[in-house]
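Colleague: Have a look at the structure that comes next, please.
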Amino acid sequence: MPVTLSTLKALRQKGEKIAVLTCYDASFARVFDAAGVDVLLVGDSLGMVIQGHASTLPVKLAEMAYHTRCVAAGTTRAFIVADLPFGSYQPSPERAYTAAARLMAAGAHMIKLEGGAVMVDTVAFLAARGIPVCAHLGLLPQSVNQLGGYRVQGREDGDAAQLVADARALEAAGAGLIVLEMVPAALAKTVTAALSMPTIGIGAGADCAGQVLVSYDMLGLYPRAPKFSKNFLAGAGSVDAAVRAYVAAVKDGSFPAAEHAF
């Protein structure tokens, strides 16, 4: 049966973890789909891992649509979320709708955008017009220059309270999922408890409703991996076995371990 947003919400209610991986093409989509990954995130991380840029900022909407079509072509079961790239949604809700509609037409089941309270009106605008929205708080890669680098967010009391408030506001506006990136595990646990929608963590501890990794990090393609990642290909023997090990580790709660959290 195809995974839907209702499926993901039901998994959260049952306490079953949601396994998410980034995906950029049809071949990996087929492997990930068959291995039981619940959600495929067509991430603007492709700017770094596919295109070789130093950040996600150069990625264009046309490129996101292209990779979304590729992933959709290889997927029969998993739920597909596609990132709105930098500059495609920030100017206005109307601009966001035009960009989101393009990704939905390419095969996405939901779009993802970054930002807190400033994005509430945009989330409400999209949700009211039938476009499912995944929010994204904590480290915001599209704001890396403003944030001063890839640093853990929410460590200060005021920042933590604001993140919780933003998460609640985004859910009230109509967001159906939310990614929490590089925030302290205790804060992610608090946010998860405050929301009805599933939280998907990356570097956010084990108490989120699900976990996401950049697939290339999970497969150990780089000599240096983020603290929150793990090489599941080491000793697995094949990409398929590695992905199945990742899904199993997320589902049974053994990943992420304390060593992967902040």
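Backbone N, Cα and C define each Cβ position, glycine as well.
Feature table excerpt (Swiss-Prot):
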ACT_SITE  Glu181  active site, proton acceptor
BINDING   Asp44, Ser45, Asp83, Lys112  3-methyl-2-oxobutanoate binding site
BINDING   Asp44, Asp83, Glu114  Mg(2+) binding site
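Have a look at these and tell me how they're positioned relative to everything else.
Modeller: Around Glu181 (active site, proton acceptor), taking its Cβ as the centre, 22 other Cβ atoms fall within 10 Å, counting all chains. In the three-state DSSP assignment, the secondary structure recorded for Glu181 (active site, proton acceptor) is strand.
Under the DSSP three-state reduction, Lys112 (3-methyl-2-oxobutanoate binding site) is assigned to strand.
A sphere of 10 angstroms centred on the C-beta of Glu114 (Mg(2+) binding site) encloses 23 other C-beta atoms.
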Colleague: C-alpha of Asp44 (3-methyl-2-oxobutanoate binding site) to C-alpha of Glu114 (Mg(2+) binding site): distance in Å?
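Modeller: For Asp44 (3-methyl-2-oxobutanoate binding site) versus Glu114 (Mg(2+) binding site), the Cα atoms are 11 Å apart.
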Colleague: Report the residues of the chain - excluding Asp44, Ser45, Asp83, Lys112 - with C-beta within 8 Å of the mean position of the site's C-beta atoms, for the recorded 3-methyl-2-oxobutanoate site, in sequence order.
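Modeller: Those within range, site residues removed, are Thr22, Leu41, Val42, Gly43, Leu46, Thr56, Val59, Met64, Ala82, Leu84, Pro85, Pro141.
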Colleague: Which residue, of the binding-site residues Asp44, Asp83, has its CB surrounded by the fewest other CB atoms within 10 A?
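Modeller: If we count Cβ atoms within 10 Å for the binding-site residues Asp44, Asp83, the smallest count is at Asp44.
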